[in-house]
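Novice: I am attaching a structure below and will ask some questions about it afterwards.
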Amino acid sequence: MQSDTSDHQEPQSPTGRRIRDFEFRTSLPRVRTSCIFSTAPDPSPKSSVRSSPSTMGSDTRSTVKIVKGDFGYVLEDVPHLTDYLPDLSTYPNPLQDNPAYSVVKQYFVDQDDTVPKKVVVQKDKPRGLHFRRAGPRQKVYFESDDVRACIVTCGGLCPGLNTVIREIVCGLSYMYGVNRIIGIEGGYRGFYARNTIELTPKSVNDIHKRGGTILGTSRGGHDTLKIVDNIQDRGINQVYIIGGDGTQKGAAVIFEEIRRRGLKVVVAGIPKTIDNDIAIIDKSFGFDTAVEEAQRAINAAHVESESVENGIGVVKLMGRYSGFIAMYATLASRDVDCCLIPESPFYLEGKGGLFEYIEKRLKENGHMVIVVAEGAGQDLIAESMKSMGNEDASGNKLLLDVGLWLSQRIKNYFTSREKMAINLKYIDPTYMIRAIPSNASDNVYCTLLAQCAVHGAMAGYTGFTVGLVNGRHTYIPFDRVTETGNKVVITDRMWARLLSSTNQPSFLSSEDIEEANVPEDQPEQAVHQEESLNNGSV
């Protein structure tokens, strides 16, 4: 296969016009470029090793590549191997000879294609932040026979993990002819403490029908130098990391160490969280399955409560910091009378409180269903939380069971009043939901995420997470998906739709509403970073 060293095209605007040049100032001599690079200091060995999830990436940040164009256009690009290995050869993409793609009118994604973070803009506003569109490129930076890829899954379980594993393996094999792929067992520590398994299309053929992950998973175990040493010793040059925000922070640190060593190794992330709280992306895989399965628990609670006098069904769903599963399951089921989530504070006693509402609903309907996200009401049991003060290996705060606590408080309230006997059933389907196989919708989504990650890796992009933004698959810098988490906006229309569906009180004071109604993060954050560079403040 002939190599082709004419590689990167100069960035252009989506209209085809060449991006105008910009300057940036660092301690180096002034240069002119079409991109703005903000490079954090190389991580010291001390800061790289044994980074905890809470601090991972706090002192190391992936190179920020910013391209500006007309009408306020800002592209926050992802790193590329040629950023630190400029003399790499390129090769024709094998897809052009793949029979499966012979009917496709356009094999490859245009180099200029980007996807806007915000799809709704006003005519007098700038076009805002964009991300690079995912997909196959005309030139690749790896010959198929030279690729040695590995896949690792970290963190908690989520529907769809096996599907992502399967499609990475099949994508590398069927689309690019790669035949050396291994699985890292047991999460990050598996790089240096566990065996690996060989992955082939035959061995992963039916794993999407199972829940969990065939590779095993764990929390913690992140030792950057040991991981990168292992990657280097094994000759691995493509690393696919599947996990949540803590896992992606770890992936960012691994990428920085690989870049510091000047290795031709791609690090690609596939974001995973059942809570759907990863920033930037439309949704995470497994979420649709979780909502669908949550409805089964809600339906069971509804049947139980409806079958007895003054029946109350309490269902606890996942949602440590965000209530997306609880909200969407409530809207989908239509059997819920009250939904409690972490973003919306509530109170129990007094006028307008939860107890008053429960009593009212029981008098009107004779039964009710309450859905509560696991992170809701933690302020109400703060004293108990102080006695715990523990975190898991990923740095997540260990929460008390708000479902059990709330059920007992409801029982105590009505027992003390004596005039109304209740029958309360508590259902916690958390681990049942996490462990099931993904549904049809998530299977398709997992397939596309995996294939886009493979396309990006073969094209030489690195230090990125693949995700759906405004219905288009994109490559997003690691720091963008780990800098903050998505939360339900309780001053938004979707939450208002839920309140009107359940007819529950909002439990919010005017102060709560004012505090919640904060302006959304401006997509022009990249512009501010660029301005700081130009002003010499970095």
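Just so it is clear, glycine is given a Cβ too, placed from its N, Cα and C backbone atoms.
Feature table excerpt (TrEMBL):
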type     : residues                                                                               : note
ACT_SITE : Asp275                                                                                 : active site, proton acceptor
BINDING  : Gly156, Arg219, Gly220, Gly244, Asp245, Gly246, Thr247                                 : ATP binding site
BINDING  : Asp245                                                                                 : Mg(2+) binding site
BINDING  : Thr273, Ile274, Asp275, Met318, Gly319, Arg320, Glu374, Tyr431, Met432, Ile433, Arg434 : substrate binding site
COMPBIAS : 1-10                                                                                   : compositional bias 'Basic and acidic residues'
COMPBIAS : 45-54                                                                                  : compositional bias 'Low complexity'
COMPBIAS : 511-523                                                                                : compositional bias 'Acidic residues'
DOMAIN   : 149-455                                                                                : domain 'Phosphofructokinase'
REGION   : 1-61                                                                                   : region 'Disordered'
REGION   : 508-538                                                                                : region 'Disordered'
SITE     : Gly246                                                                                 : site 'Important for substrate specificity'
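Mind running through what each feature is packed against?
Specialist: Here Asp275 (active site, proton acceptor) comes close to Ser284, Met318, Gly319, Arg320, Tyr321, Ser322, Phe324, Ile325: these same-chain residues lie at least six apart in sequence, with C-beta atoms under 8 angstroms from its C-beta.
Cβ neighbours of Thr247 (ATP binding site) (same chain, under 8 Å, six or more residues apart in sequence): Cys154, Gly155, Tyr188, Ile241, Gly269, Lys272.
Long-range Cβ neighbours of Asp245 (ATP binding site) (same chain, at least 6 residues apart, Cβ-Cβ under 8 Å): Pro271, Thr273, Ile278, Val481, Thr482, Gly485.
Taking the Cβ of Gly246 (ATP binding site) as centre and 10 Å as the limit, one finds 25 other Cβ atoms among all the protein chains shown.
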Novice: Measuring Cα to Cα, tell me the gap between Gly246 (ATP binding site) and Glu374 (substrate binding site) in whole angstrom.
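Specialist: Here the two Cα atoms lie 19 Å apart.
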Novice: Measure from the Cα of Gly220 (ATP binding site) to the Cα of every one of the binding-site residues Glu374, Met432, Arg434, then give the nearest.
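Specialist: For Gly220 (ATP binding site), the closest Cα among Glu374, Met432, Arg434 is found at Arg434.
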Novice: Name, in the order they occur in the sequence, the residues of the same chain whose CB lies under 8 A from the CB of Gly156 (ATP binding site) and which sit 6 or more residues away.
Specialist: Thr217, Arg219, Gly244, Ile274, Arg434
Novice: Using only the Cα atoms of Gly156, Arg219, Gly220, Gly244, Asp245, Gly246, Thr247, which the record gives as binding ATP, return the largest interatomic distance in Å, rounded to a whole number.
Specialist: 13
Novice: Can you give the largest Cα to Cα distance in Å, as a whole number, for the residues Thr273, Ile274, Asp275, Met318, Gly319, Arg320, Glu374, Tyr431, Met432, Ile433, Arg434 that bind substrate in the record?
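Specialist: Spelled out: the longest distance between any two Cα atoms in Thr273, Ile274, Asp275, Met318, Gly319, Arg320, Glu374, Tyr431, Met432, Ile433, Arg434 is 17 Å.
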